[in-house]
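Have a look at the structure below, then the notes.
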Ligand SMILES: Cc1cc2nc3c(=O)[nH]c(=O)nc-3n(C[C@H](O)[C@H](O)[C@H](O)COP(=O)(O)OP(=O)(O)OC[C@H]3O[C@@H](n4cnc5c(N)ncnc54)[C@H](O)[C@@H]3O)c2cc1C
Ligand SMILES: Cc1cc2nc3c(=O)[nH]c(=O)nc-3n(C[C@H](O)[C@H](O)[C@H](O)COP(=O)(O)OP(=O)(O)OC[C@H]3O[C@@H](n4cnc5c(N)ncnc54)[C@H](O)[C@@H]3O)c2cc1C
Ligand SMILES: Cc1cc2nc3c(=O)[nH]c(=O)nc-3n(C[C@H](O)[C@H](O)[C@H](O)COP(=O)(O)O)c2cc1C
Ligand SMILES: Cc1cc2nc3c(=O)[nH]c(=O)nc-3n(C[C@H](O)[C@H](O)[C@H](O)COP(=O)(O)O)c2cc1C
Ligand code: FES
Ligand code: FES
């Protein structure tokens, strides 16, 4: 159990929660967060938003019962978390390369810490017009801009907007359909997949999918994969 | 939902929780307390410890999951409660009469507010030597003494200790066996019964028992009954 | 937009019914809301003779659910008809008598008393007793009485016998309430329909066990007790869907419904009416919240009648 | 004081076994504790041929429980024997192969492969494959595969057929894993015992339903999915007690066990061994906590052997 330092509402349903403790994680890894003892049977996978000395932060959106519970926690309350889990983005391979970080919706969460670890990143935040007020978007833009040049795209398809030739890699997180489209635009696209999870350690097979022709576990082998190797069955269904 | 003003630990497993709000209740009545949305399926019946302007207080002991949850709540946290339920002690009949208030263990809880409403009460707190340190007992004694002369009996059978002839009535709450014995000592003994409860409104029949030859609902017709009319089947089993 | 519907030749102002044993005789939750807002009320289960119910602890909490061992404490059919049912007349809703029994004979005798009562009321023969039973919910599924009840709900043979015999003496509309402990609940439902049941009501509680490991004995004197509440909802929902697909008569679905969203799940699974039981212990406003929540959902999703979504899964 | 016991001619250092499908192939929770502290590990269910499992969402939360629809994703029996089982050899515990099937033939063929593998290992014929299957858990109760499995677990006739035929080809100790969806789980257990099962394992998940009312479709592509976790514990405990009273072979009890107290309830209800499944998702240290908690309880209550409390309810 860890103590909550702060749990700030930064948009309609957007929150950033900071938790006390000593943590080590790579950008793109995630933790399993849970509350209220065993009343909640499944922990919720949430990406690392930021890691600092003696604290870690998560950015999350309230979508159901579990995240609603998180949103009600206050400074001083306790929370249980396990992790870090999975493999993050290939930071060391692209440390000083030019990288586009493209987030869609809550997919912007892992990009903050990711930008911090890269020397030459550019951040593109895809936010829709419902979730955040103009001010809130500006606030987020400024927040992210502390680590890299940041642009905010509202309700636009970023795969159409950018000149991908100038990047060595694209690292993205967001709706599958967005990530799928990006995959077609550049050779080195790294995507972060989302699946309902039970164990987060590779034990339950709740989160498997096909990558590079093999069954992989998103929790353990991912959540970050090379986009071109992912089989987008689900995303393609939506096209 | 109500706000918690304070939740003070006053003994090993003894707590007093004060809750903000405007409440009206009679001594001996109880509320159903609950937390964490619908995760807890049953509310917990807890007697009124004290009612003040814009607040109510409960004294409780941690015995299981529900009360443990209560003990973890802090100032500013929220709690749900319904009530007041049931009928309390016959305060108006004995307003200025000489009344012995006898509590055993957590049964001391309703006596505080009860003493406040009587002009001529004497409080006897039966506490065992495990639950509370000497200091904690003294603290409790002083607390109760703000309303009436108070004595503390440790690990003793109060039905053997007191001269019952000097009282017009005995109002008691505690283990059934204690209340049963007291019932034999005086004509006007009022006891507060404890049963597992579902609805607290008389709808589910979880709490029925025989009083004066009739089936009654402890939640609605009690929890306070005239001791001589209660059928002590369970208590007698223990003798 | 309307929540109103007709089943059993009765008009239900909405599909939300208070479940037997959890709502007393309709008066008990009046401090929270007017019970007339409900589509119906199923009164506490009654038996031919009055019963004191089970000894010992009668209710306890489990993860996401509760267990109860009331043991059908009730004043008996006659007393119910003369007293509690009459008091229910102030409530403008469908009045359901939940009839249990220990032997075939006690079911039949109980049903006969209801039949006679209704005849008298309809004929205005009695000036004092003016409220009739609108619907009988034949309870062949109470797990908490040793002598039986549930014995009739486990197998098709059991159900066949009791439904056939009761039907012979009862012209009042009758739904049969099934047990999740049935060997094959779909077949039991079909048997009941075949034997003349006007509807199927499901599910009653699951037979279950909790042990006090310190005392080294079961929590309940009766060893087993009935599990209900949110914990059982996913199983109940599956059973309701399967039964709704198998029978033509109306299905009253229940088991863990605590919110309007839960109720809508049951309707999408094929339930014509729904009941909420344990929900009232979690939230005394549950009935009101469910009625209002269904209405809000219909508005939001532009649903004119629940028929549009009934059984779409 | 000892938690050690012998069943199936195997020595269990304690009664705590990781349940199939929730503990991978034993390696996955190593970051939390050494799996060698467990009495046994039941590996993910395997089938003759490799399976990709079900499409769509595979796990979700319910009140006090979870629903899963993995659909027996697994590498196939041969690959399991050659690979995952061999990796399990580093773990000092009883190794259980959970064998499912879609037809009688696939069960028999799968069992034959295990039998042959064990014979080779025992004969030291193979130098590479040195780990044998200690116990087969015959899974006739998976609700998540359309083709079958559970079909054999619903009726006595189904169980009779598959247990009889598998027993003919399998000399490795075998427990049969039963479904709570069985029409009469006690009779199915007795049938399995009669047909030569060395033990009974119960319960697998309950077939259940959850509907996404906004999308107006079931949450799971396969419509139904299996309910497990604390929510089902009281029902599982009852079933374990009834089966334990009805058969003479050892009973492996499970269903919602998340704490040592839960485990002790099952032992008091008659279980010889227990399994924890969903518990690991709630608390990755669950296995360790349960083992240590049972030990602490035995000390506290001065219990020398679990035989003292087994089946006392
Ligand atoms: C690797 C990974 C990283 C994530 N990082 C973030 C993040 O940084 N910020 C953030 O807001 N969200 C993140 N998510 C999504 C987040 O896990 C879900 O929004 C959350 O679990 C929803 O829980 P709930 O109880 O509020 O919703 P409900 O819909 O009530 O949840 C019901 C069940 O479904 C599961 N579930 C529902 N939606 C999702 C989903 N999209 N992904 C996985 N499980 C789901 C829940 O965990 C729960 O078990 C991440 C998901 C994954 C897999
Ligand atoms: C009218 C009335 C007034 C009460 N007043 C007080 C009070 O002022 N202070 C106080 O500390 N306690 C009081 N109690 C007892 C209190 O309700 C229980 O200690 C509490 O419910 C235990 O809950 P738990 O979850 O901690 O225990 P668990 O044992 O985990 O509870 C499991 C279930 O059993 C029920 N239960 C367990 N013990 C009791 C009990 N003794 N009485 C009723 N239900 C029980 C719980 O409500 C719950 O539903 C009162 C009980 C009644 C009936
Ligand atoms: C305390 C209690 C008493 C009950 N008594 C009866 C009864 O008398 N007759 C009956 O048919 N069902 C009875 N039931 C079962 C409920 O009517 C309902 O079928 C079951 O609880 C499942 O619904 P729920 O999960 O919404 O509570 C009782 C349930 C509870 C909890
Ligand atoms: C994700 C998941 C996968 C499972 N896979 C299997 C399986 O492959 N074979 C099997 O026999 N049981 C399987 N089960 C059932 C469990 O082994 C166990 O019987 C059931 O979950 C009840 O126990 P629990 O409540 O402790 O989880 C699975 C359960 C879960 C939750
Ligand atoms: S969440 Fe269990 S294998 Fe990935
Ligand atoms: S608690 Fe329901 S009748 Fe008393």
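Every residue gets a Cβ built from N, Cα and C, even glycine.
Marked as active site, nucleophile by TrEMBL: C:142.
The Cβ neighbour count for residue C:44 (substrate binding site), using a 10 Å radius and every protein chain shown, is 24. DSSP assigns residue C:44 (substrate binding site) to coil, not to a helix or a strand. What TrEMBL records for C:20, C:44, C:45, C:98, C:139, C:177, C:203, C:229, C:255, C:256, C:277, C:278 is FMN binding site.
The substrate binding site annotation in TrEMBL covers C:44, C:68, C:69, C:70, C:71, C:72, C:139, C:204, C:205.
What TrEMBL lists as domain 'Dihydroorotate dehydrogenase catalytic' is C:3-298. On the 0 to 100 pLDDT scale, the domain 'Dihydroorotate dehydrogenase catalytic' (C:3-298) averages 95 in the predicted structure.
Checking the recorded positions (C:142, C:203, C:277) against residue C:71 (substrate binding site) with a 10 Å Cα-Cα cut-off leaves C:142. By a simple count of nearby Cβ atoms, those within 10 Å, the most crowded of the binding-site residues C:71, C:277 is C:277. The binding-site residues listed here (C:20, C:44, C:205, C:255, C:277) include C:205 as those with a Cα within 10 A of the Cα of residue C:142 (active site, nucleophile).
In the three-state DSSP reading, residue C:139 (FMN binding site) counts as strand. Only C:20, from the binding-site residues C:20, C:139, C:203, C:255, C:277, place their Cα within 10 Å of the Cα belonging to residue C:44 (substrate binding site). For the substrate site, whose binding residues are given in the record as C:44, C:68, C:69, C:70, C:71, C:72, C:139, C:204, C:205, the maximum C-alpha distance rounds to 16 Å. You'll find the Cα of residue C:69 (substrate binding site) roughly 16 Å from the Cα of residue C:203 (FMN binding site). Separation of the C-alpha atoms of residue C:139 (FMN binding site) and residue C:205 (substrate binding site): 11 Å, rounded to the nearest whole number.
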